[in-house]
Amino acid sequence: MQVSNVNDVKIYNLSCGKSLPEWLSDRKKRALQKKDVDVRRRIELIQDFEMPTVSTNIKVSRDGQYIMAAGTYKPRIRCYDTYQLSLKFERCLDSEVIKFDILSEDYSKIVFLQSDRYVELHSQHGRYYRLRIPKFGRDFAYHYPSCDLYFVGASSEVYRLNLEQGRYLNSLQTEASQINVCDINPTHHLFAAGTTEGRVECWDPRTRSRVGLLDCALSSVTADMEVEGLPSVSALKFNGPLHMAVGTSTGQVLLYDLRSNRPVIVKDHQYGLPIKSIQFHSALDLVISADSRIIKMWNKDNGKIFTSIEPEADVNDVCLYPNSGMLFTANEAPKMNVYYIPALGPAPRWCSFLDNLTEELEENPENTVYDDYKFVTRKELDELGLSHLIGSPMLRAYMHGFFMDIRLYHKVKAMVNPFAYEEYKKEKIRQKIEETRAQRVQIKKLPKVNKELALKLYEDEEEEKQLSKKKKKQKKMPNILTDDRFKVMFENPDFQVDQESEEYRLLNPLVSKISEKRKKKLKILEKLEAEGEEEEEEPEGKPSDAESSETSDDEKGWVEEVRKQRKLLRQEEKERRQERVREDQQTALKPQFYEIKAGEEFRSFQDAAKKQKLMRKTLEDRIKVEEKLGTLNVADTAVGSKQLTFTLKKSEQHRKRQEAEKQHQEERKKLRRSAGHLKSKQAKGRPFY
């Protein structure tokens, strides 16, 4: 149980204790309660008073016996019996609950407005009926005399559903584009609806006509408020026959008297968050208003703050238990908070023991400040020989150890270890020696990957250190060796810098020239500082012309170096190409053989379409085709059987080609005229050899 004191008002948070995991068995839970003091001393007012993830709404039945809460995930409703201080039942729903209301004295009649436009009516056994409204709903109110449900939402109409007749009635047409909240006065049953334009429209359910219009947007603007947009109405609540509170989306609460169109009090939460809930405490004339961050309680007559509660999680809904000082909140957290404020009223009848508990805490306040105490563990108690004091007033159990008086601790420590001061002195001397050793020159161990780069960075770091000693105002540059973001660069071999790559060789001349230029500049600065010369316009001690000429010479130098590297790269590429050509020439090409898979049939290289067409024919037709082609010969044997001879197509074509050539040669011989009978004349003159 956590106790806070805000504005001299004590607030007891009954839900701040440790919670046990649901997956633990009962035996382990009991064992944990025996071991852990905080778990054993916690106050679990209602068993399992929580939701799996988030709780959105919470209400108390009119008879005060049942507490109902809606939450997610999965969307569900839980009912707690205060007489049994435990969960009575739980029902899972199809979609998230926007708002629900208890129509009966107990939990037997409940209405749920869901996020998918469905409205569910539940009875004791479960869901009784389910229907849908035309537009997405945001709030609803129940008119008891006529049994009408008024639904408001993303529409200008107020939908009326009569539960006695079981049908929709004529809607109320408003001037607003959308309506956020609504409420019905319990005394004279005036219906009020808060719009997104910052207005409140009041209707008479008897005549179904509008009887009033309040412009709350202009009234909520104060002198010290920055207006960023038109504030809309986010909360609405009646108090008695004449008073009404309106909450805006900018964090103001306006208290109205129905006889006037101007607010009596404008209370600003100073957070700029929409007001989510407004409650009235009639006994002390207090208004309890809540946004997602804070719950404020203030006087409705003068606006003076009474107290405030700031939960750890965002608040979704607030419910005040009737005629008591107990407060329930639905939060953006699994636990639903339970607050008990004795100044608001007594504890409810079902937890009257809280009054006695708070009285005991006030009579015997525990000192929570332990400046005069020393925290010791069980092991230290054994070393000091004080284990027999466990359970006595000299030791106060706290967490995993005990608190004991600091004077007693020093006395026992001196008796047990009289040479403690000498040990302390030796330890201090050892620390001083270690500090002096750390100031000596240390050999830095180079990493396994990128050793050259690491060595270069070490050298640059040393130069910057030397310069920073002389110029204290110079900002120290970050080093990637000590940066965790670049740690992998010196550990993973995949990040090794390839100094033979083309990119590195082309970039290296430029980098080396820049580093040389930087070193030269550092030397010049050191020289100027040593001589004591301070020149603001020419910090390097050179005229502008000389500096520009030096810069141009440097640029020419590294340009020549880059050209040289490019020429070397082209020459190396040419040599590699020639080497590949020589290897290709020496390599003897061999035919490639392809193996047919097991179970596959070899098919010739003819057109597959022709073969398929041939296979569709009958055996007789195929034999005739083969006979025409000359590849198939059928002959009868002497014993009455048949003999089939197949000739390969290639050999048959070769034979035909040879026969055609032979026939052509014979025809040429017949047509040729012989010249053997002709004799040539003897040549005159000297023969030519």
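Backbone N, Cα and C atoms are what each Cβ position is placed from, and that goes for glycine too.
The coiled coil annotation in Swiss-Prot covers 422-476 (among others) and is backed by sequence analysis. Within the model, the coiled coil (422-476) carries an average pLDDT of 71.
The coiled coil annotation in Swiss-Prot covers 511-590 (among others).
The coiled coil feature in Swiss-Prot is assigned to 647-679 (among others); the stated evidence is sequence analysis.
The compositional bias 'Basic residues' annotation in Swiss-Prot covers 670-689.
According to Swiss-Prot, the feature region 'Disordered' maps to 529-592 (among others).
Here Swiss-Prot flags 646-689 (among others) as region 'Disordered'.
Positions annotated as repeat 'WD 1' by Swiss-Prot: 50-90. Under 8 Å from some Cβ of the repeat 'WD 1' (50-90) lie the Cβ atoms of residues 19, 96-102, 104-107, 110, 112, 114, 122, 316-319, 321-322, 328-336, 348, 350-351, all in the same chain and six or more residues away from its ends.
Residues 138-146, 148, 150, 152-158, 220, 230-238, 240-241, 244, 246, 248, 258 of the same chain sit 6 or more residues outside the repeat 'WD 2' (174-213) yet have a Cβ under 8 Å from a Cβ within it. Among the features that Swiss-Prot reports, repeat 'WD 2' is placed at 174-213.
Residues or ranges marked as repeat 'WD 3' by Swiss-Prot: 228-266.
Long-range contacts of the repeat 'WD 4' (270-308) within its own chain (CB-CB distance under 8 A, at least 6 residues past either end) are made by residues 6-7, 9, 11, 234-237, 239, 243, 245, 247-253, 255, 314-320, 323, 327, 329, 332, 341, 343-345. Residues annotated as repeat 'WD 4' in Swiss-Prot: 270-308.
Sequence-distant contacts of the repeat 'WD 5' (310-349) (same chain, six or more residues past either end, CB-CB distance under 8 Å): 9-15, 19, 45-46, 49-60, 64, 67, 69-71, 82, 276-277, 279, 281, 283-284, 286, 288, 290-295, 297, 355, 358. Taken from Swiss-Prot, the feature repeat 'WD 5' covers 310-349.
Secondary structure of the repeat 'WD 5' (310-349) per DSSP (helix as H, G, I; strand as E, B; remaining residues coil): 1 helix, 17 strand, 22 coil. Shown for the repeat 'WD 2' (174-213): DSSP residue counts in helix, strand and coil, namely 0 helix, 22 strand, 18 coil. According to DSSP, the repeat 'WD 3' (228-266) comprises 0 helix, 23 strand, 16 coil. Helix, strand and coil counts under DSSP for the repeat 'WD 1' (50-90) come to 0 helix, 26 strand, 15 coil.
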